[in-house]
Amino acid sequence: MNNAAKNVLLSSGYTMPLIGFGTYKIQGRDVIYEVVDESLKVGFRSIDTAVVYRNEEDIGYALTNLLPKYNLQRSDIFITTKLSPSEHGDPKGIEKSVQRSLKALNTTYIDLYLIHWPGAAYISESSTDNPSLRAKTWNKLVELKKQGLIRSIGVSNYTIKHLEELLQNCKDIPPSVNQVELHPHYHQKELIKYCNNKGIHVQAYSSLGTSSSTNLLKDPIVVKIATQLNVSPAQLLLNWALQQGIGIIPKAVKKEHIRDNIQLDFVIDEESMRALFSLPQHKYAWDPSNVY
């Protein structure tokens, strides 16, 4: 089976494609339409967005118009979106936000709904109110899941501390997914081990570093191994995660990059994997460990 067709069984009982199409910072109806068109064409069946990306409506428009083109039904597509930190701990605000996302995406259910950040936007990261707000948020999402509006619920940017706290108060519905920054410069081995032990699927973002830094793509070891395997540095970095059973959501706008990001049917040998795990560690995105 090729990687494009691989799924992971979540603790919720639903399956999710291991490879999803990321849409962070992709905006504009025409641009979204083109990238969704190309992503469906080459085999992507999962799309990742968020309230704060401000592109849900354009994604909904694109999917509504493009699914028939590829003889696809809504059930063939896995949609992930995320709660804005500004709605943390506000049950009414959370319900309104989910309803807005459903309307924008033109769907009756969301496959995976994530708490985007462990802290609330309107208080400091060090505030001792954060844990109770997280608990309120989770309880409301469990309620919306039971109503059928959401199929799987999860988190993003949660540390082991945040996860331990959640698992003690999760109303018998643990998080299906933890979406975090993950790449050879920030391999998070302890977090992955913890999540695997608890049945939480790890999904990586910023697999290629960030748009503001090409340090990872240009890392001499990454370039050397990619050249040896006759793949691009980006493909190597994406498959590094896949070979660990970690989901990925690569973002791309150029058609050739969209295609390359799903053509990952090669094996990274053990020696190369060890070399990638031994790279100096550097975090590129925001740091959730500061959130109380």
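Note that Cβ sites are derived from N, Cα and C of the backbone, with glycine treated the same way.
Marked as active site, proton donor by TrEMBL: Tyr53. For His116, the entry in TrEMBL reads substrate binding site. Feature annotation from TrEMBL assigns domain 'NADP-dependent oxidoreductase' to 19-276. As annotated by TrEMBL, site 'Lowers pKa of active site Tyr' applies to Lys82.
Sequence-distant neighbours of Lys82 (site 'Lowers pKa of active site Tyr') (same chain, six or more apart, CB under 8 Å from its CB) are Thr49, Ala50, Val51, Val52, Tyr113, Leu114, Ile115, His116, Ser156, listed in sequence order.
Sequence-distant neighbours of the residue listed as 'active site, proton donor' (same chain, 6+ residues apart, CB-CB distance under 8 A): Thr23, Tyr24, Lys25, Ile26, Gln27.
Lys82 (site 'Lowers pKa of active site Tyr') carries a strand DSSP state (E or B). According to its DSSP assignment, the residue listed as 'substrate binding site' is coil.
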